[in-house]
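First the structure, in the form of structure tokens, and then the observations on it.
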Amino acid sequence: MIHHIPNVLTKQQVAEFRALMDTAQWVNGKVTAGTLSASVKHNQQLSEQDPLTHHLSDLVIQAIWNNPAFQTAALPHHIIPPLFNRYDEHESFGFHVDNSIRLIRGTSQQMRTDLSCTLFLSEPEEYDGGDLVIEDTYGYHEVKLPAGDLVLYPSTSLHEVSSITRGSRFASFFWVQSLVRDDTKRHLLFNLDETVRSLRIQHGDGYPEVVKLTNIYHNLIRMWSEV
């Protein structure tokens with residue numbers, strides 16, 4: 001399932017990110033690409049060793065851990081420290097699939113990539129082209145969100161960033177290992193949690209069905225989670 005998570009960063013935070021990124025040194029994006037995807041990857045990114053990458057990454061991690069919508073949709077267990085990229089005119093990243101296993105930066109720990117995340121740092125009117133195109137069983141989905149918004153989608157999906165024809169597109173990207181690896185089960189849990197939230201608003205926390213459904217939710221987490 002594809003999730004749009006709005007307002008992960010405020011407009012002020014985005015402006016601060018962009019001011020720092022405008023003075024940064026960018027490297028060829030192929031440095032983090034797998035053998036197959038390197039042939040279709042044409043962009044730039046901040047070096048993983050750049051102190052600015054670490055600083056901005058920490059701010060993104062803080063924002064997503066404090067975002068209830070992200071927590072509900074992703075059920076995160078491990079998060080790869082976010083990276084940052086830019087696409088200028090004529091740059092693109094053709095259809096590819098993300099690596100299934102990634103090394104967590106600065107450690108010897110490996111993690112499974114269940115969910116891929118793009119946090120947009122450019123407004124849609126700043127560039128033409130540059131859509132994130134995600135393929136699933138229902139077809140192709142073109143995603144271009146306001147700056148500060150995030151899209152979350154299964155890492156099993158083929159996806160691309162279409163060629164930029166005007167301007168520049170800045171974003172943060174990272175991966176999540178979920179407590180629940182199966183996308184269908186995560187989707188069911190998400191819908192159940194949203195139902196509980198709606199009932200709490202309508203009837204209050206003490207409503208018997210709220211208590212019963214909350215019990216079911218947590219028991220399903222116990223049944224399906226991997227920790």
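For all residues, glycine too, the Cβ spot is worked out from N, Cα and C.
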Which one, H42, H159, H187, is listed by Swiss-Prot in the same Fe cation site as H96, D98?
-> H159
Going by DSSP, how much of the domain 'Fe2OG dioxygenase' (78-178) is helix, how much is strand and how much is coil, in residues?
-> 3 helix, 60 strand, 38 coil
Across every protein chain in view, the count of C-beta atoms other than its own within 10 A of the C-beta of H96 (Fe cation binding site) is 18
Give the sequence-ordered list of residues that share a chain with D98 (Fe cation binding site), lie 6 or more positions from it, and have CB atoms under 8 Å from its CB.
-> T113, S116, S155, W175
Could you measure between H96 (Fe cation binding site) and R169 (2-oxoglutarate binding site) for me? Cα positions, answer in whole angstrom.
-> 19
